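What Swiss-Prot annotates here:
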{"type": "SIGNAL", "residues": "1-19", "note": "signal peptide"}
{"type": "TOPO_DOM", "residues": "20-168", "note": "topological domain 'Lumenal'"}
{"type": "CARBOHYD", "residues": "91", "note": "N-linked glycosylation site"}
{"type": "TRANSMEM", "residues": "169-189", "note": "transmembrane segment"}
{"type": "TOPO_DOM", "residues": "190-216", "note": "topological domain 'Cytoplasmic'"}
{"type": "TRANSMEM", "residues": "217-237", "note": "transmembrane segment"}
{"type": "TRANSMEM", "residues": "240-260", "note": "transmembrane segment"}
{"type": "TOPO_DOM", "residues": "261-286", "note": "topological domain 'Cytoplasmic'"}
{"type": "TRANSMEM", "residues": "287-307", "note": "transmembrane segment"}
{"type": "TOPO_DOM", "residues": "308-312", "note": "topological domain 'Lumenal'"}
{"type": "TRANSMEM", "residues": "313-333", "note": "transmembrane segment"}
{"type": "TOPO_DOM", "residues": "334-341", "note": "topological domain 'Cytoplasmic'"}
{"type": "TRANSMEM", "residues": "342-362", "note": "transmembrane segment"}
{"type": "ACT_SITE", "residues": "352", "note": "active site"}
{"type": "TOPO_DOM", "residues": "363-405", "note": "topological domain 'Lumenal'"}
{"type": "TRANSMEM", "residues": "406-426", "note": "transmembrane segment"}
{"type": "ACT_SITE", "residues": "414", "note": "active site"}
{"type": "TOPO_DOM", "residues": "427-438", "note": "topological domain 'Cytoplasmic'"}
{"type": "TRANSMEM", "residues": "439-459", "note": "transmembrane segment"}
{"type": "TOPO_DOM", "residues": "460-463", "note": "topological domain 'Lumenal'"}
{"type": "TRANSMEM", "residues": "464-484", "note": "transmembrane segment"}
{"type": "TOPO_DOM", "residues": "485-577", "note": "topological domain 'Cytoplasmic'"}
{"type": "REGION", "residues": "502-577", "note": "region 'Disordered'"}
């Protein structure tokens, strides 16, 4: 990125409300038993907490948890000298509480909250006036402290340093790159089989889902809908989050079925069919094994929906369903040209930057709309999270692991959007017989872009819009390969690959006299023999596509209705259409 853009991004990040987790170490005032740690939320703009517990002095906790400390009347006669004040949240601002505590000699302020913890905010002038730390403690943790240690305790506030890199990033990297590579490969192979294989209507279960070609109008409508939905989620999160969860359950079960169906069809058992009937869907007489598969996929989705908040294991189901959903979408949605790929990626590139870096200037809270929606608003009453992410718990041990942020996230959009470009590259590879150089290069570029995202995440210590790094890496790499091979014209327009069902091999130029079928097959290159191999395995009674004038893969020189044979341009590596 340009230096100016990076500087602007950093300035916008600084404008957001700072919020960090810390640790409250509690020991009994009488000594004896071992201490215990509790999670706190603090704002370092009031005052920073030390990172090393050994450099922190234990101070007495002054319990005024029944007082809100909003006026001088709430300050006890015996002030807070060399003590940490504990007060209740409410009735006045954080600044008023901490100003009174600091004026009474307190070395820190703990605010107990029965609601969800939120960052203790202030403004720049107030931050400069205050020199003691301010932190929030949950009411549940306070009750546990009193139950274990009583009301006479010594406490210390500190913020231990976290590991710069967590091993869960490796798992997220493998899942993301693997999904993009597998989805792109599957999408290209699926299209080739559809073009090369004569469609048959006598076996409904073997029919593949039709791909959906994306047009520029569809891209614009999609982006507008994304913006509209994101704003709705920002203002009506508690109501719409359950709608999103329901949609995810339905879509992910469909994706899981689509991924497992090809494997299940190869099993040698449960091939019996449903008896004749007039029921919806069942009138097609599906096989028993496919019904069992559908039941299994729905069950997995329902189990996740019921136990989605079980942090110990529900994330495994969510990631499995999410990967299946992404693979299904990459196979179903098709960008027909590189022009469409560029339009989609650039528009979503701007969309991602706007909702992460620009919206903090437009919201009253100063928070990013994208970050608020992705992580769940701090004032949400449901505490639900959107499921449209891959999530992996933190694997490194840290005192901060007791706080409520154990997962690293990667949104589905950061997989699907570049993945559609990877899928297009694979289809173009097959068209020009380029040994999959576009597919491999774009997949590697995606992996490098994801690594850059992780590095930025570590350096900036803040959630990053991954498309900021993924879009330039994948688009520039694809363009570079096309220019190097002198195929930019064909790569940009798709060379008619999406406009008509063509075979992936190039036809010879000019009229060529008919040849014996066996001789022509023997003269084909090895790559073309492999491409045509599905035709040799057609079931008995199927029509030979080469002899059927209505077949989409009929020979390019087969005249129909007296039309004159016309030469077809060749698209070969090293040339442009």
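Each Cβ is built from the backbone N, Cα and C atoms, and glycine gets one as well.
Here the topological domain 'Lumenal' (20-168) has a mean pLDDT of 84 out of 100.
The least crowded of the active-site residues 352, 414, judged by other CB atoms within 10 A of its own CB, is 352. Beyond the ends of the topological domain 'Cytoplasmic' (334-341), by six or more residues, the same chain brings 187, 191, 211-216, 219, 420-421, 423-424, 427-428, 475, 478, 482, 491-494, 497-499 to within a C-beta distance below 8 angstroms of the stretch.
Counting C-beta pairs under 8 angstroms (sequence separation of 6 or more), the transmembrane segment (313-333) fails to reach the transmembrane segment (342-362), with fewer than 3 such pairs.
Of the Cβ pairs linking the transmembrane segment (169-189) with the transmembrane segment (406-426) and spaced 6 or more residues apart, 3 or more are under 8 Å, so the two regions touch. Non-local neighbours of the transmembrane segment (240-260) in the same chain are 209, 232-233, 293-294, 297-298, 300-302, 304-305, 308, 320-322, 324-329, 331, 380, 382, 384-388; each lies 6+ residues outside the stretch with a CB under 8 Å from one of its CB atoms.
With Cβ pairs under 8 Å as the measure, the transmembrane segment (342-362) is packed most heavily against 464-484, out of 217-237, 287-307, 406-426, 464-484. Rounded to a whole number, the distance between the Cα atoms of residue 91 (N-linked glycosylation site) and residue 352 (active site) is 38 Å. Here residue 91 (N-linked glycosylation site) is positioned 43 angstrom away from residue 414 (active site), judged by their C-alpha atoms. Counting every protein chain shown, the number of other Cβ atoms lying within 10 Å of the Cβ of residue 91 (N-linked glycosylation site) is 12.
For the topological domain 'Lumenal' (460-463), DSSP puts the residue distribution at 1 helix, 0 strand, 3 coil.
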